[in-house]
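Feature annotations, reproduced from Swiss-Prot:
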type	residues	note
BINDING	Asp177, Glu178, Val179, Gly180, Leu181, Gly182, Lys183, Thr184	ATP binding site
DOMAIN	164-334	domain 'Helicase ATP-binding'
DOMAIN	490-685	domain 'Helicase C-terminal'
MOTIF	280-283	motif 'DEAH box'
Amino acid sequence: MPFTFGQRWISDTESELGLGTVVAMDARTVTLLFPSTGENRLYARSDSPVTRVMFNPGDTITSHEGWQLHIDEVKEENGLLVYVGTRLDTEETNVTLREVLLDSKLVFSKPQDRLFAGQIDRMDRFALRYRARKFQSEQYRMPYSGLRGQRTNLIPHQLNIAHDVGRRHAPRVLLADEVGLGKTIEAGMILHQQLLSGAAERVLIIVPETLQHQWLVEMLRRFNLRFALFDDERYTEAQHDAYNPFETEQLVICSLDFARRNKQRLEHLCDAEWDLLVVDEAHHLVWSTDAPSREYMAIEQLAERVPGVLLLTATPEQLGMESHFARLRLLDPNRFHDFEQFVEEQKNYRPVADAVAMLLAGNKLSNDELNRLGDLIGEQDIEPLLQAANSDRDDAQAARDELVSMLMDRHGTSRVLFRNTRNGVKGFPKRELHTVKLPLPTQYQTAIKVSGIMGARKSAEDRARDMLYPEQIYQEFEGDTGTWWNFDPRVEWLMGYLTSHRSQKVLVICAKATTALQLEQVLREREGIRAAVFHEGMSIIERDRAAAWFAEEDTGAQVLLCSEIGSEGRNFQFASNLVMFDLPFNPDLLEQRIGRLDRIGQAHDIQIHVPYLEKTAQSVLVRWYHEGLDAFEHTCPTGRAIYDSAYASLINYLAAPEETDGFDDLIKSCREQHEALKAQLEQGRDRLLEIHSNGGEKAQQLAQSIEEQDDDTNLIAFAMNLFDIVGINQDDRGDNLIVLTPSDHMLVPDFPGLPEDGCTITFERDVALSREDAQFITWEHPLIRNGLDLILSGDTGSSTISLLKNKALPVGTLLVELVYVVEAQAPKQLQLNRFLPPTPVRMLLDKNGNNLAAQVEFETFNRQLSAVNRHTGSKLVNAVQQDVHAILQLGETQIEKSARALIDNARREADEKLSGELSRLEALRAVNPNIRDDELAAIDSNRQQVLESLNQAGWRLDALRFIVVTHQ
């Protein structure tokens, strides 16, 4: 190699040293000084791994003094390069800069600079980079982004709600599905969409204390969202790191009690600038016009400050009208400010519901009915649609569907309230009751008599509660020596049932924690039955361990013994056998108990076993629940109302179960009331709301589309290619499971999302749902998203050299494959990628500027190429640098047309979509007050910013491949 003192060279193997200067040489060696690090390197002159740094006209270079020069001309004087051009800071022209005075800290980031500097990547990395660009761009444009990556069943009504709400600006909605329909999943899907799109970055979830850890685990396991759990200890600890402890984390879970207990803490929560607030079990927030509870006021303060709010609550029927109004008031106090007015509005929606029922029935409509529809929708140009809906034409059903959609848009609370019922959602199992009447032991009879004498002054309610749990009465008298489990026939029955069903998982629920603990000891000591215990005295982590042990198939516990808290929030639908060792005091708690197994996704009919003692309050209550309310075998939305009306009579029968006169009449009366209320509820069902929440055929198609995307073979091929190149070990374990572990030669020391001890992955949704230890890999999984970022944010694969063996072309023919990226820069929350994601434009240019990309597909072409080692590649590039530079100039002139077309299409699409959305909502605003002014303002502002950002969109060269034709 011809070396001269003062020349600038770069190391092919240690590019981080920056620019080197020739400072010494002899016949065999040359010494380079790298001023940016102060290090010297001695190389053999004949075959040194260094590349001469030479810039070309059009490049911009930096002097050692920091000013920049745009090169117009390159001269050579005595073997040294002199650059002539315009100085950018002073705009002085004809300025010279000798290569020896170049900035030594020069980093080559442009693909062409890296190529000419000898920083040549492996060919497979170039291919991976192009695929990453292509797939990332496609994924940004795929419908249902944010709904495909969660580890959940594809249940249409859940997807429908999440798809509707997740795309909104700062959604403020009430999720009020019946128990077992998956409100937590819906909330998680909405969060996942908002976070993935950039619409939200900071999220606060407030839940009852008993559900904190469950939410933490669900968000991580199902949605790959890592929340931080804040309690007193974590809050105090975080105060050392920031004035506002909640600003130390982006995603936070805390309990309602934690939030409202301390005034300063609540202020910190309010000041933490959350984008989304989620409140679970919101029906526990007590409100009345005169005396709202502290919990309600705490959430109200937060809801006033946080743009997006999701409230998860019981159904409106269970809540009652006033409580339901209180929830809506949290979402939009301006819209829901007058309770009486709200009640009146609800009555006025009946004609709309009737109209929907009319359309859904599919019968021909009378002129009066057509006129009524026209009045309700209130648009001048609706006549053709009405005629089509009432005709025998092929488009009649489509017209009816559109009319239903228009009615839903214009009336009711359907934009702020989502409520699915079991009637409208298929797929629930049957519930079968098995009662077991057992004799009352003499020990209990004696204890009950004594208790009656000693507790004569107790209220009927207290006596009733005592009578439900005779083992507690007995234990109270006998103290520590009382071993009720030795004679209670329910214990013998339970042991017999469990031993005869060893292979089945059984959930046992009892009211008291002490009962659960005592039963565990008896089952373990007498029969060796593996039983986990779950009660309020355990820490959250201990409860999780107990639940996980119960969930294990082979080595797990056969039975989980829960106190009453076990029937709130925890789901065990992998089990189908429920034993109620005793009965809860009200029908809501009964439904909660059954609801732990009776959930969507339950594969078997639920067997409900109730062993009860005759002549006790248990025998009274089991009859009342079953015969009076039908509450065991069906959900009972009327339960609370009937319980309240029959309370006094029921309490008396429970307090004195031997007094049975009139009890049959009470049961008959309650059953009649139940049937009447049920019919009334059915008649008054908000069909409009149910149709909107359920999604119908549209939701079915949504689930089907996502299921089809699950079968994307491109993902598997890309992921394996990515893991290979990053350096992640892959061990195929069979059954569609692969174990990933870090290696010692990874591109980065710590790959984001890959634990130190590795992880198990699967590309199959069914496998992920059955194996909690396996992560479900989709395009939305952090491993894939982080992998894409790792490749595309750096220069991996941005320059390479290949040989093309093709005897149809002359030896030495040059081709340059260019990958440009057309993109726009904008804040993430604008979601610009919907319209113009970073989009690759591939060119394959020959020496004359002919673009062959359309004739030669990338993967086909890539398979015909062979690799060149870096040293040989550098020599090839240096030999034809001027030719390659000329081809690059031709590429720059050709890319503009393609890029402009992409940008113009994106602007047109963005303007049409956002203007259309704004116009639609503005039109609806006149007839539906549930559309918020701030939502309209946000869409308008978003539209203007998106269009402005697209006006400033540009393009850049992202990667290039230099190809030389050979015949060998």
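Here the Cβ of each residue, glycine as well, is placed from N, Cα and C on the backbone.
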Compute the centroid of the Cβ atoms of Asp177, Glu178, Val179, Gly180, Leu181, Gly182, Lys183, Thr184, then list the same-chain residues not in that set whose Cβ lies within 8 Å of it, in sequence order, for the ATP site.
Asn420, Arg599, Ile600
Which chain-mates of Leu181 (ATP binding site) that are at least 6 residues away have a CB under 8 A from its CB, listed by sequence?
His157, Gln158, Asn420, Arg422, Val425, Arg599, Ile600
Counting every protein chain shown, other Cβ atoms within 10 Å of the Cβ of Gly180 (ATP binding site) number 22
Suppose we draw a 10 Å sphere around the Cβ of Val179 (ATP binding site). How many other Cβ atoms does it contain, all chains included?
19
Name the residues of the same chain, 6+ apart in sequence, whose Cβ is under 8 Å from the Cβ of Gly182 (ATP binding site)?
Ile155, Gln158, Arg599, Ile600
For Thr184 (ATP binding site), just give me the three-state DSSP call.
helix
Quick one: DSSP breakdown of the motif 'DEAH box' (280-283) into helix, strand and coil?
2 helix, 0 strand, 2 coil
Which of Asp177, Glu178, all binding-site residues, has a Cβ with the fewest other Cβ atoms inside 10 Å:
Glu178
In the three-state DSSP scheme, Glu178 (ATP binding site) belongs to coil
